[in-house]
């Protein structure tokens, strides 16, 4: 079994924020692989699912914590303990400001790199869980980061956002059998990152 958790904030006003791209990824995964409706569980909204792999079906728990971004670990830890899973059975999808828009990287272990949601998960389950990092770009100055991540994606950003969310769902069978490197490569093959940040106008030659 795998827990696929997204980082985000639960209120409707945050729904389209860059900080909620983890929730968006889990929603895409649920549309593709979910087998039951969302319901309140584990201090969040949870949905059961199943993904087909060459090694047979793998059960899924899709999870959107309602604890707010910075306390996401409480929900993830509760679900992991309930199902008696290991941290390596958990993938947490989240926004990554230190990656260009539309990039996707899998990572296992390591520090939180200033991400309070990841720090919260680490405090509950240790640092061996897997992370699906979705690049949203950086506003250019650290004082602008909070306003930036709590801002909605611009219309032009959906040129890369919508395809990468679909790819994260479509390529999941590779992650379900533990091949995170192949999963990452397949997501980027299905949804290549833009060559330039679509938020910024192209410079004249």
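Along the chain as shown, residues are numbered 1 onward.
In case you wondered, yes, glycine gets a Cβ from its N, Cα and C as well.
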If I go by Swiss-Prot, which of 14, 183 binds tRNA at the same site as 68, 70, 116?
14
Can you name the recorded positions among 9, 70, 95, 116 whose CA is within 10 A of the CA of residue 19 (active site, proton acceptor)?
9, 95
Rounded to the nearest angstrom, how far is the Cα of residue 95 (site 'Stabilizes the basic form of H active site to accept a proton') from the Cα of residue 68 (tRNA binding site)?
14
